Amino acid sequence: QTLGFFFKDAIKKFIVTQCILLPVTSLLLYIIKIGGDYFFIYAWLFTLVVSLVLVTIYADYIAPLFDKFIPLPEGELKQQIETMAKSIDFPLTKVYVVEGSKRSSHSNAYFYGFFKNKRIVLFDTLLEDYSALNKEPAEGEDGENEETKSKTKSKKQGCKNEEVLAVLGHELGHWKLGHTVKNIIISQMNSFLCFFLFAVLIGRKELFAAFGFYDTQPTLIGLMIIFQFIFSPYNEVLSFCLTVLSRRFEFQADAFAKELGKAKDLYSALIKLNKDNLGFPVSDWIFSMWHYSHPPLLERLQALKDAKQE
């Protein structure tokens, strides 16, 4: 990205973040103050509503402030996506292409929406036909010669239609297997537990005294002390457990794509995505077990290998 685009993006992010964070934080502090003995229930319900609202409006109102979304044109790829979605009863309404190439070469695909209003978003970098890096410059531009053009052609970014469908098969596997719902439930259970423990600890004067607040117990300071410091060991353990669960979900989604007959295409797509996303295929197993929410490339390829050979 250009320097101007970087600063423009940073300013937008700051403004949007403040517009959301300031009122939400203020309301949360107010709820804690007037909620009485059971304020943690009201605080949890408030954060639940806020998170659901943000998930609902993000793709339609917040994301377009940063990226350009265009409907995927009619054609073979769109027909194949709609056919695959219909085969697994995925309630697809629209398919978009997002202009991710203006930031980086990172490729991805995702879906969003509640109930019967699901939409699929494809990064332009995921598609060979849409990636800006694959577009040939005009003749004579920058004095480009035939050798340079041939090198550009040999370094195509993105995936073929069959590989895009395999990647989508993996993403739709997350929906079909209920991974999204499970993650939401786990997140809300954790949120409720944290607010409950916060209610238990907020009255402990020694916590505030340890940070220099001897005579007062500001609610905002209490939130920072308890959530940032007291919960730190718990958050590390929880993060590890969620990483293990996430890796399990990824293997299950790969297996779902395999059941759709996409093993061979997913195999080649994962290799291309790893290259386009500048991933390194080899990793220490202890480091990856603790830090990587997605299994390393070689482990995923090994799981797909038998089906690919078949």
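Backbone N, Cα and C atoms are what each Cβ position is placed from, and that goes for glycine too.
According to TrEMBL:
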| type | residues | note |
| --- | --- | --- |
| ACT_SITE | Glu171 | active site |
| ACT_SITE | Asp254 | active site, proton donor |
| BINDING | His170, His174, Glu250 | Zn(2+) binding site |
| DOMAIN | 71-306 | domain 'Peptidase M48' |
| REGION | 136-156 | region 'Disordered' |
| TRANSMEM | 14-32 | transmembrane segment |
| TRANSMEM | 38-59 | transmembrane segment |
| TRANSMEM | 192-214 | transmembrane segment |
| TRANSMEM | 220-245 | transmembrane segment |
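Calculated from their C-alpha atoms, the gap between Asp254 (active site, proton donor) and His170 (Zn(2+) binding site) amounts to 5 Å. Close to the recorded Zn(2+) site, the chain also has Glu171, Gly173, His179, Phe249, Gln252, Ala253, Asp254, Phe256, Ala257: residues not among His170, His174, Glu250 whose Cβ is within 8 Å of the site's Cβ mean position. Separating the Cα atoms of the residue listed as 'active site' and Glu250 (Zn(2+) binding site) is a whole-number distance of 9 Å. Counted within 10 Å of its Cβ, the other Cβ atoms near Asp254 (active site, proton donor) come to 25, all protein chains included.
Per-residue pLDDT, averaged across the domain 'Peptidase M48' (71-306), gives 84. Between the binding-site residues His170, His174, His170 has the most other Cβ atoms inside 10 Å of its own Cβ, all protein chains included. Long-range neighbours of Glu250 (Zn(2+) binding site) (same chain, six or more residues apart, CB within less than 8 Å of its CB): Ser293, His294, Pro295, Arg300.
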